[in-house]
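Q: Checked Swiss-Prot, it gives:
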type	residues	note
SIGNAL	1-25	signal peptide
TOPO_DOM	26-215	topological domain 'Extracellular'
DISULFID	Cys29-Cys114	disulfide bond
DISULFID	Cys68-Cys164	disulfide bond
CARBOHYD	Asn90	N-linked glycosylation site
CARBOHYD	Asn97	N-linked glycosylation site
CARBOHYD	Asn145	N-linked glycosylation site
CARBOHYD	Asn196	N-linked glycosylation site
TRANSMEM	216-238	transmembrane segment
TOPO_DOM	239-274	topological domain 'Cytoplasmic'
Amino acid sequence: MKKTQTWIVTCIYLQLLLFNPLVKTKGLCRNRVTDDVKDVTKLVANLPKDYKIALKYVPGMDVLPSHCWISVMVEQLSVSLTDLLDKFSNISEGLSNYSIIDKLVKIVDDLVECVEGHSSENVKKSSKSPEPRLFTPEEFFRIFNRSIDAFKDLEMVASKTSECVVSSTLSPEKDSRVSVTKPFMLPPVAASSLRNDSSSSNRKATNPIEDSSIQWAVMALPACFSLVIGFAFGAFYWKKKQPNLTRTVENIQINEEDNEISMLQEKEREFQEV
């Protein structure tokens with residue numbers, strides 16, 4: 001009985017071990033983004049429109065897949081936001097500029113950590129080095145918004161086959177996402193994350209069901225595999241132990257019958273002697 005319990009516990013731990021990839025799959029970078037990003041609207045309104053923020057920008061990030069530039073951009077955003085934080089005093093007000101920027105720095109630092117731990121086949125480097133440039137608050141936080149939004153597509157299988165090559169005809173001045181004339185658009189209620197510009201939103205709106213199906217399939221396969229393996233081991237063990245259990249029961253019954261016969265014979269001899 002003790003061996004049976006030990007084997008059952010072993011099977012349970014084996015299923016948990018095989019089920020572990022499902023838990024890891026759900027640990028997406030998007031979970032690092034908190035609702036603190038909704039304070040960006042207030043921060044942009046508080047900063048002067050002609051204020052310049054230094055940032056090393058990846059050329060062509062508007063045409064390249066997100067996995068080509070996201071690792072570089074989050075690092076550069078972390079540096080720029082940290083420098084911006086140093087320029088403000090630590091005011092105790094809950095929604096002061098310092099407090100908002102400090103929360104954004106923590107979010108970006110978490111994303112940097114997530115990218116560093118990401119598989120190299122999903123995150124690649126752009127062929128061009130980032131260029132130091134100056135951006136207005138609207139332009140800077142538009143890039144911030146797109147970088148935050150890019151983590152939603154980081155797990156896409158299609159991105160693995162995309163090349164990180166920028167056309168030689170592309171110039172930074174033609175980048176629509178950093179154009180001064182482009183309005184700074186944010187949703188009225190920024191709850192979970194900030195949307196990027198209309199082209200990225202339209203692109204994602206065409207396949208949300210397909211993306212969700214792929215993610216659920218990736219998560220379900222390890223779970224199904226672990227359950228099948230666990231049941232297979234359990235069935236094999238039960239089939240192997242069943243004959244032994246049957247023989248054990250038969251032996252116990254035979255021993256009991258032999259004991260009863262011996263007792264009857266003993267009583268019969270005692271009766272004859274009397």
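Backbone N, Cα and C define each Cβ position, glycine as well.
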Q: Could you tell me the mean pLDDT the prediction assigns to the topological domain 'Extracellular' (26-215)?
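A: Averaged over the topological domain 'Extracellular' (26-215), the predicted model reaches a pLDDT of 68.
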Q: Rank the glycosylation sites Asn97, Asn145 by the number of other Cβ atoms within 10 Å of each Cβ and report the first-ranked residue.
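A: The residue with the densest Cβ neighbourhood is Asn145.
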Q: Which entry in the list of disulfide-bonded residues, Cys68, Cys114, has its Cβ near the fewest other Cβ atoms, using 10 Å as the limit?
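A: Ranked by other Cβ atoms within 10 Å, the disulfide-bonded residues Cys68, Cys114 bottom out at Cys114.
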Q: Considering Cα atoms only, can you say which of Cys68, Cys114, Asn145 is the nearest neighbour of Asn97 (N-linked glycosylation site) among these recorded positions?
A: Asn145
